[in-house]
Amino acid sequence: LCVFSIVTQPLVWRVCPVNNMKIIEYSIQNIVKVTVGVIFILLFGLIALFRIPVQLVPDVEKPQITVVTRWIGASPEEVEQEIIHEQEEMLKSVENLKKLTSKSFNSRGQILLEFQVGVDKNIALLDVANKLEQVREYPENVDEPVITAVNTGDRPIAWFTLRTLPGTNINIHDMRDFAEDYIESRFERVPGVANSNIFGGAEREMQVVINPHALASRQLTIMDVRRALISTNINISGGDIDEGKNRFVVRTLGQFKSIEEVGDLVIARRDDIPVYIRDIAKVQLGYKKLQAFVRQKNEASIAVNAQREVGANVLTVMKGLREATRELNENLLKDRGLELEQVYDETEYIKSSIGLVRQNVVVGGILAIIVLLLFLRSWRSTLVIGLAIPISAIGTFLMVTLLGRTLNVVSLAGIAFAVGMVVDSAIVVLENIYRHWQSGENPFQAAYKGTTEVWGAVLASTLTTIGVFIPVILVEQEVGQLFRDIAIAISFAVGLSLIVAVTVIPTAAARILSRRKKSENAKHEGFLSSGGQLVSFGRYLTNTIVRIVDYLTNSLKRRLVTILALIIVSIFLTWWMIPEMEYLPEGNRNMVLAIMLPPPGYSMEEQRAVGQIIEKELGPYWHVKKGTKEAKMLDGPPIKHGFYVSRGRSVFMGIISDEPERIAELIPVLQRVCAKVPGMITIVQQASLFERTLSGGRTIDIELTGPDLNRLVYLGAQVFGQVRKVFPPGTQARPVPSLELGSPELQVRPLWEHAADLGLTAADIGYITDALVDGAYAGDYWHHGDKIDLVIFGQSKYIERTQDLEQIFIYTPSGHYVPLSTVADIQIGEGPEEIDHIERERSIVIQVIPPRTMPLEGAINLINTQIITPMTERGLLGGLYRANQAGT
C-alpha cells in the first residue's frame, strides 16, 4: 500500500494537474453551483434510501440443481441401484460441476449438483436434462425425473399456521387442498412473493377400495382392475377432419369425470353378466395416508410459508402478506371456522438489526464531530469538515441503488465503518487551507493553494483505501458475494469524501474564514480548553511525538533500525495475537431450532407422541406472559411461538421467544427437554444470520465414504464416539443418515416356482401387495381442475397386523383362489431407510457443532489430530474408505 501511494501521487500530478486545479478554482468561485450539487446528492440520496430494497443479508448465489425421481413402492436400495447409479453415471461429466451428492429414500431418489460460481443456470439445466435423456430405460412405474434450479436465497421470510377455531369440528389434516387453493394462491399474488409452500395435511386422492373376497369370488385379480382402469381412463387424439370451411379435431374421451363413472366401469363379464367396479370395490374421494404433520402449541395445524423474489423489498412484501392474512381471516377462513396466524416474521429482526446499525452510524457521526471539535478547537472548522459525513453517507445510498444492490446489515455496516474515514481527506485539506490563511493570505487564495497542494496526496490516500476493497468486489466466490456490499459502501463513501474534500471543503472554508479574524483562534482555544488543560496536554503530546520522531530519523542507521524493529515487532504481534479462524457471526435471530433424529422404524403416531411429550415439558414457558411473577421464576424467557414438524425421519422443532434478546437462554432448555426422549439424537442451535439451511452455520461435516454400508456404519460409530470423547461439554453431533441399518421391513419374497405355476410374476405380486397394504397408483383423476392420484386400495379391516398379510386371499390368473403366502414368503427383516452418496460413493456424515467458546479452526484441528489421523494409523481409514471435512 505504501508503494501504491508513492507511485500514485506523482503519476496523478503528471496526468491531470491543470484540470484538477481548474475544478478546485471553479468550485471556490461558484458556491451556488456547488450548493446545488450538494442538495441534489442529498435529495436523490434520500429518495434512494426510502426506495432501496431492504433485506436482512445480501443474496449469495450458489448454483445448484436438484433431480428428483419418484418410484412408488421402491426401497432405498432399489432406488439406489436402479435409478441413482444410472443417473450419477451420466451426470458425473456435466461441465463446471463442483460436487455431486445424492440421497435414496423409500419411493424417491434425489440428486444435488453444485456448480462453480458464475455458471449460467439455464445452460446448466439444459446440460443436466440432456445427460438424463441418455439414461437407459427406467423400471416400470418410475416417474420422469423432475429437474429444478435451486435458489439458495429462498429462505422463507414468513411462516404461518392454519388451525381450527375453538368449537369447530374440522379435521385440519383434511384442509391441505383448501390451503393450496386459497391461501397459497393468495400469498403468491402478493407483489414480491416468489413462492409459497404448504407443509402438513393430507392430499386428496380417488380411492378404489377393493373387497378381496368379492374380487376373488368373481374370479378377478387386482391386476385385472388395474388394467381396466388404465386402459379406459385416457383421452386419445384421433387427428382431424376437414369439412367445408371447418376443421374438426377428433378426440376419444375416456377420462373419468365423476365417482359414478369410475364405479360404472366394466371390468369383465361373468356368465354374460357385466362385473362393474362398484361390485367389487367402493369408489370414494379420500385422502392419502398422512406422511407429515405440523403441531403448533399443542394443536395440529398446517404450515404455510412465503419466499420473496430476488431484489424485492422485504418490508413491503411483509406488509402485503399481513394484509392478505387479515383479508383471509376476516372473510374466507372465519366462515369455515379456521384461523391463519403468523408465527415467524423476518422483518422483526431486520428492523432491529438495521435500526441498531443506523443508530451506530448516527452515534459514530456525532462522536466523530465531537472529537473534531475538541482537537480543532473551532466550531466553524468542525462544521466544514462535518459536511463530509452526511454528503458521503447519503450519496452512498444513491450509488448503491444505481448498482442494483440492497440495504442490509452488511451494506449499513460498511457505511458505519466509513463514517470515521470520510473526514480524513477533509481534515488534511482544511488544515492546509488554515495554514495558508494564518500565513497572511486571503481566504480565497488560502482555500485554492491549500487544496491544490495536498489534493494529490489526498487522492493517493483515497485510492489506497479503495484498492484494499477492489479484490473483495471482484471475488465471485461466496465470501465475495457476502462482503461485496461492505466493500462497495466503503469505496463509494471514501470516493465521495474525496470529491467533497476538493470541492465543498475549500468552497465552504473560503466563506467561513473570510468572516473570521485570526485573533479568534486564541479565544476558541481558551473557551474549549477549560483552563488550558486540554490544550496543554495536546501540546505536550505533540512535542513528545516530534522529539521521538526527530531522534529516530536523525541518522540513516537509526532509520534503518527503526524500520527493521517495527517490521519484526509487527510480525511477532501478528503471530502472537491473531485469533483462530471462526465462521461468520451468527447474529441473534429470534429462533432456536432442534433437529431430531428418531430411532429407525418410528411410526407417525410415535413421532406425534414425542411431540406431545416435548410440548408438555415446554408448557410452562408458553403459558406465561413476560414480566409476570411466573415468568421470572423460569430459567428462560417465555415462548411466544413453537412448532413441531415431522416428515418421515426428518423431525425438527422451532421456538420463538417473547423476549428476542434472551433467545439464546432457550437453547439449554430445549436441549434438556429433548434429552428426555429415549433414543432420540438432537442438535439444538440458534438460527444463523447468514445461513439458509437448518443445519448450517458453525457445522463441521465429517464425510465418510466407501462401498460397504455396514463398514461405513461402523466407522461412523467410531467417529461419533470419538467426537463425544475428545470435544468439550456443549458439543453437539449427529449422524446423517442414521448409524443403524435396522429399520424394520416386512419383506415379501416371491416363491418363483409356485408363482409361475399360478401365472403370477414378481411385478404382479409386488403390485398386489402394494395395493393391499398402502394403495397402488392406477392413473390420474381430475377433481375440480386439479390432478389427483387414482389409487387401488385393499380394505384396511383385512390387514391390521403384520401376520394378516400372508393370510389375505387372492385370485390368480390360473383360476386358483389362494392365500398370498402360497406364492410368496413373508418375513420380518431389516433395511436402511436412507442411502447417501458423495461423489457417487456411499457415505455417512457426522455433523459436529462445537460450543461457541471453541473456534472452528480449533475444532477442525482437533478432528484431524485426535480422530482422523489416529483412525488412519490404525488402518480403519485409507484405501476405499476415506474421511473428509467440509463446512455447511
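Positions of Cβ are set from backbone N, Cα and C atoms, glycine also.
Sequence-distant contacts of the transmembrane segment (31-50) (same chain, at least 6 residues past either end, Cβ-Cβ under 8 Å): 387, 390-391, 394-398, 400-402, 407, 496, 503-504, 507, 511. Annotation source TrEMBL lists transmembrane segment at 31-50 (among others).
The annotation transmembrane segment is assigned in TrEMBL to 356-376 (among others). Sequence-distant contacts of the transmembrane segment (356-376) (same chain, six or more residues past either end, CB-CB distance under 8 Å): 382, 385-386, 389-390, 393, 409, 412-413, 415-416, 419-420, 423, 427, 528, 534, 538.
Per TrEMBL, transmembrane segment is recorded for 383-403 (among others).
Remote same-chain residues near the transmembrane segment (409-433) are listed as 56-58, 353-354, 357-358, 360-361, 364-365, 368, 372, 381, 384-389, 392-393, 396, 400, 446-447, 450-451, 453-455, 457-458, 461-462, 465, 482-483, 485-490, 493-494, 496-498, 500-502, 505-506, 509, 513, 689 (criterion: CB distance under 8 Å, separation of at least six residues from the stretch ends). If you look up TrEMBL, you'll see 409-433 (among others) marked as transmembrane segment.
What TrEMBL records for 454-474 (among others) is transmembrane segment.
Sequence-distant contacts of the transmembrane segment (486-513), counting only residues of its own chain at least 6 positions beyond either end whose CB sits under 8 Å from a CB of the stretch, comprise 20, 23-24, 27-28, 31, 34, 37-38, 41, 380, 383-385, 387-388, 391-393, 395-396, 399-400, 403, 405, 410-415, 417-418, 421-426, 428-430, 433-434, 437, 443-444, 446-448, 450-451, 455, 458-459, 462, 465-466, 469-470, 472-473. Residues annotated as transmembrane segment in TrEMBL: 486-513 (among others).
Residues or ranges marked as transmembrane segment by TrEMBL: 560-578 (among others).
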